[in-house]
Amino acid sequence: MNLLNKSSRFFVALDERVRLGAVCLSALVTLSTPAAAALFGDDEARAAILELRQRVDVLRLDQEQRATAQQEQLRRLIDENIQLRRSLIDLQTQIDNLRTDNARLIGRDEVSARALVDAQRQYKEALAALEERVRALEPERVSVDGREFLAERAERRDFETGLGLFRKGDFPGAQNAFAEFIKRYPSSGYAPSAFFWLGNAQYATQDYKEAIENFRILLSQSQDHARAPEAVLAIANCQVELKDTKGARKTLEELIKAYPKSDAAATAKQRLPRLKDTAPAVSSTQGNTKK
């Protein structure tokens, strides 16, 4: 009964995760409106927003398919649980019978005693294996960048693997890890943070255009994310590296306007006077790799 209760709680938590994913996607659609596009204000940005809308549709379909598959997986696990419990009941009956026989034959029949020990061991091992499978599928509450959400153990492990590679300075490895994470868990609560670290890894490998695209995806998904000001500053850094000084100035001005009280805005105010449209690109440190 305890295992069935755990499975039921997992089913409820899974439904909650699906609802949370739906809310995130709804917010993504809202943020992909012309009002959100005004942050960048040019044709290229609007085209990027249209492309992002198409990605939203793909993400929504993927989320629905993923939720259906996970629900089916849980149903199969519950069926297996019921079947295994029946087997365990049969095994317990055998144990009881062996105990009865052992009471009659104690001191004379060592074979029965060994069979009893083996049956008890098998029972405990089977029960432990089932409980471990249930625990592995139960989502846990995590907190990242000031946000709390439910995540599977594998989901958390894969995100932390990418972050660990980034912190070690293995930027190509981190780039691959975060790209794979986003592909595998498109509706994850980790997704905005994954786009942020993917963009930083791409900046470190001088893939500036792709970095800009992923920072903008983060902003389109969640403009109020804790990493959003840093993402805008990172876009300006990429534009400087691409020698788009005019674009960098515009991005820094938008950063100051959108997030006036952020540390990133303070940095933007310091950099603006050093940027001139006709001057060569100003070399700057990324400054967005706080762990």
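Every residue gets a Cβ built from N, Cα and C, even glycine.
Annotated features in TrEMBL:
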type     : residues : note
COILED   : 60-133   : coiled coil
COMPBIAS : 281-291  : compositional bias 'Polar residues'
REGION   : 264-291  : region 'Disordered'
REPEAT   : 192-225  : repeat 'TPR'
Can you break down the repeat 'TPR' (192-225) into helix, strand and coil residue counts using DSSP? 27 helix, 0 strand, 7 coil
Along the coiled coil (60-133), what average pLDDT does this model show? 79
